[in-house]
Amino acid sequence: MTGALRQNLEAGVRALGLSLTETQVDQLLAFQALLQKWNRVYNLTAVREPGEMLTHHLLDSLAAVPALQRELAGQSREAPRLLDVGSGGGLPGVVFAICLPQLAVYCVDTVAKKAAFIQQAAAALRLPGLHGIHARVESLVGPFDVVSSRAFASLKDFTQWSHAALAPQGVWLAMKGKLPQDELAALPAGVEVFHVEPLIVPGLDAERCIVWMRPHSHPNGAAAAALA
Ligand SMILES: C[S@@+](CC[C@H](N)C(=O)[O-])C[C@H]1O[C@@H](n2cnc3c(N)ncnc32)[C@H](O)[C@@H]1O
């Protein structure tokens with residue numbers, strides 16, 4: 001089973017055009033093993049079958065990595081910081097931390113045992129840049145260059161609740177299924193959607209996208225809106 005999981009993961013990584021080291025592939029598999037091991041205790045995910053966990057969680061999160069890489073290259077920060085809001089079992093935060101070791105990743109969740117699981121994963125996977133925070137996102141201040149979420153809340157609530165955590169030139173990365181037209185329409189005028197990016201998840205026949213947003217006062221707002 002482990003051999004098949006590795007093969008499917010490696011095929012997915014290739015299909016996404018990612019180049020990961022053997023250590024990173026090992027870390028991804030070890031993370032999935034931790035999720036499986038602690039799921040019953042920490043109640044991390046409803047997905048239990050290993051093959052399904054690979055496609056629905058790991059590959060689904062990995063599909064956002066090339067887009068995040070591109071965004072970080074554009075920001076050219078020396079020590080970029082990402083906040084993953086409502087991270088639960090670490091999706092996509094832990095996957096981002098594994099694939100992008102230059103990125104400091106903070107996974108916040110209101111449930112203490114989920115934040116504790118992230119701390120445990122950081123130690124087990126030897127990821128010094130990964131941190132679990134037990135808090136409501138509304139109580140956090142930044143600055144974070146990227147604030148991400150997956151299966152968390154409406155775009156409006158996500159951006160409102162995490163606004164204080166965003167760096168002045170930071171961006172929101174919301175992972176969504178089908179394009180959420182109603183949520184886009186409900187966004188306040190102060191939030192600019194500068195790119196909606198479709199994603200293809202290897203092995204998953206489902207619609208996925210990233211909604212990229214930033215505060216309207218962003219200095220590059222006009223230029224980026226024209227590009228979107
Ligand atoms: C549906 S889960 C998604 C978990 C993970 N992102 C995923 O994709 O599997 C949503 C998570 O958000 C957390 N949460 C809800 N409200 C929150 C808040 N205000 N601040 C931080 N976390 C919150 C919940 O405890 C839960 O773990």
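Every residue gets a Cβ built from N, Cα and C, even glycine.
The feature S-adenosyl-L-methionine binding site is assigned by TrEMBL to GLY86, LEU91, VAL137, GLU138, ARG150.
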Over all pairs in GLY86, LEU91, VAL137, GLU138, ARG150, the listed S-adenosyl-L-methionine binding residues, work out the largest Cα-Cα distance in Å.
19
Neighbour count (Cβ, 10 Å) for LEU91 (S-adenosyl-L-methionine binding site):
24
DSSP three-state assignment (helix, strand or coil) for VAL137 (S-adenosyl-L-methionine binding site):
helix
Proximal but sequence-remote residues of the same chain as GLY86 (S-adenosyl-L-methionine binding site) (Cβ under 8 Å, at least 6 apart):
VAL108, ASP109, THR110, VAL137, SER149, ALA151, PHE152, ALA153
Whose Cβ, among the binding-site residues VAL137, GLU138, has more other Cβ atoms within 10 Å than any of the rest?
VAL137
